[in-house]
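> Please find one structure pasted underneath; my questions will follow.
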Amino acid sequence: MIKNDLFLKALKGETVERPPVWMMRQAGRYLPDFMKLKEKYDFFTRCRTPELATEITVMPINQIGPDAAILFSDILVIPQAMNIEVEMKPGLGPWLPNPVRTTQDVQKVIVPDVHETLGYVMDAIKMTKKELNDEVPLIGFAGSPWTILCYAVQGQGSKNFDIAKKFCFTNPAAAHTLLQKITDTTIAYLKAKVAAGVDAVQIFDSWGGMLSPTDYQIFSWYYIQQIIDALKEETHVIAFGKGCWFALDTMAKSGASALGVDWTCSPLHARYLSGGKITLQGNFDPSRLYSPPAEIKKMVHQMIDEFGKDRYIVNLGHGILPDIPVENARAFVDAVKEYKPR
Ligand code: CP3
C-alpha cells in the first residue's frame with residue numbers, strides 16, 4: 001500500500017482533502033544536485049544507469065515534496081531501441097544523425113524486444129520503487145507515436161516540424177507503417193513498465209498541437225487510443241496533449257483515467273470540453289514560476305478553485321523551465337499542500 005495515495009485517489013475520481021501535485025520534468029535542470037550529476041555523466045548514461053536514474057527520480061521528492069515521482073528517463077529511448085540513433089547534444093537537445101525520411105528507412109526500423117533493449121528502464125523502476133519505499137506512487141511514461149515520429153523524421157527539435165509533416169502528407173503509407181511500429185513498441189514497453197512496478201503511465205503528446213483537429217485524429221489520436229486500450233485494464237493512463245484542447249471531447253471518451261491540459265485552455269473551458277466528469281491535470285504556465293512565491297501561491301489557489309479540488313491533479317501546463325529558482329518550485333508544491341477549500 002502506498003502511504004500518500006492522493007494521486008491514485010484523484011485518478012480514480014475519489015474525493016480528496018486536497019488535490020495531489022507533481023510537476024512535469026520535476027527531475028531536471030533547475031535542481032543544483034541534478035546539475036552536479038550532469039557534469040559527470042552524459043544524458044543517456046544517466047538514463048541507462050539504474051543507480052543514477054533512481055537518484056535523480058527521488059531528488060525532487062526529497063527536496064520539493066510532490067505527491068508523485070516520475071521516473072527519470074526520456075521519450076527518445078524508444079526510437080533508440082527501434083534502431084534509430086539518438087544523441088543528446090548540449091545546447092541543442094535531441095540530435096538524430098540518420099532521420100527516417102523514406103519508405104526504405106521505415107523498413108529498417110525494428111519493433112524490438114523491449115525486455116532486451118530497454119531492460120535498464122525496468123531495472124531503474126525496480127530500484128526506484130525500493131528507494132521510494134511506498135511513500136509516493138511512481139509514474140512511468142512514453143511519448144505518443146506522433147511525437148516520436150516528429151523527432152525520428154525531423155532529426156531534431158523544431159518550431160513547426162515541417163519535415164515530419166511533409167513526410168506524413170506526401171508518404172502517408174510509410175508514415176502509418178512507422179506510427180504502427182512505434183505504437184506496438186510503446187505498448188510492449190509500457191506493459192513492461194507496469195510489470196516492473198510503475199503505478200500509472202503518462203503519454204506525452206508534446207507536438208500533437210502541431211496538427212489540425214482532423215489530422216490529429218488520423219496521425220496522433222488513432223495510435224494513442226490503441227495504447228490506452230492495451231493498458232487501461234492494467235494501470236491508470238494519463239493522456240497529455242500539448243495544444244490539444246480541441247480533442248478533449250474525444251480524449252474524455254477514451255478510457256484514460258486523466259487528461260493533461262496546457263495553460264492556453266482555461267480550467268472552465270477544459271472541464272466543459274472534456275464533459276465535466278474525467279480527472280484533469282495541469283495547467284499552470286511554467287513561466288509563471290518566475291513570479292514571486294507569494295504570487296505563485298495566490299495563483300495556484302485560484303487555479304484549484306477553478307478546476308475544483310476533486311478529480312484534479314495540480315501540475316504545470318508543460319515541463320518546468322531550467323532556470324526556475326528551487327524556492328519557487330517549492331512554493332508551487334507548498335501552495336497545494338496549504339490549500340483550504342473555500
Ligand atoms: O519529468 C521528469 O522529470 C522525468 C524525466 C523526463 C525527461 N524527459 C528528462 C530530460 C521526461 C518525462 C521527459 C520527456 C520528454 N523528452 C518529452 C515530453 C515532454 C515535453 O517536455 O514535451 C520530450 C519532447 C523529450 C525530448 C527531449 N529530451 C528534449 C526536447 C530534450 C532537450 C530539451 C531540454 O529540455 O533540455 C530532452 C533532454 C532532457 N530530457 C533533459 C531532461 C532532464 C535535459 C537534458 C539534460 O539533462 O541533459
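Keep in mind that glycine also has a Cβ here, set from the backbone N, Cα and C atoms.
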> Among D74, D113, D249, which residue shares the substrate site with R25, Q26, A27, G28, R29, F44, Y151, S206, H318 according to TrEMBL?
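So the substrate site in TrEMBL includes R25, Q26, A27, G28, R29, F44, Y151, S206, H318 plus, from the candidates D74, D113, D249, D74.
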> Write out how many residues of the domain 'Uroporphyrinogen decarboxylase (URO-D)' (20-29) are helix, how many strand and how many coil, based on DSSP.
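Taking the domain 'Uroporphyrinogen decarboxylase (URO-D)' (20-29) as a whole: 0 helix, 1 strand, 9 coil.
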> What mean pLDDT does the predicted model reach across the domain 'Uroporphyrinogen decarboxylase (URO-D)' (20-29)?
96
> Over all pairs in R25, Q26, A27, G28, R29, F44, D74, Y151, S206, H318, the listed substrate binding residues, work out the largest Cα-Cα distance in Å.
22
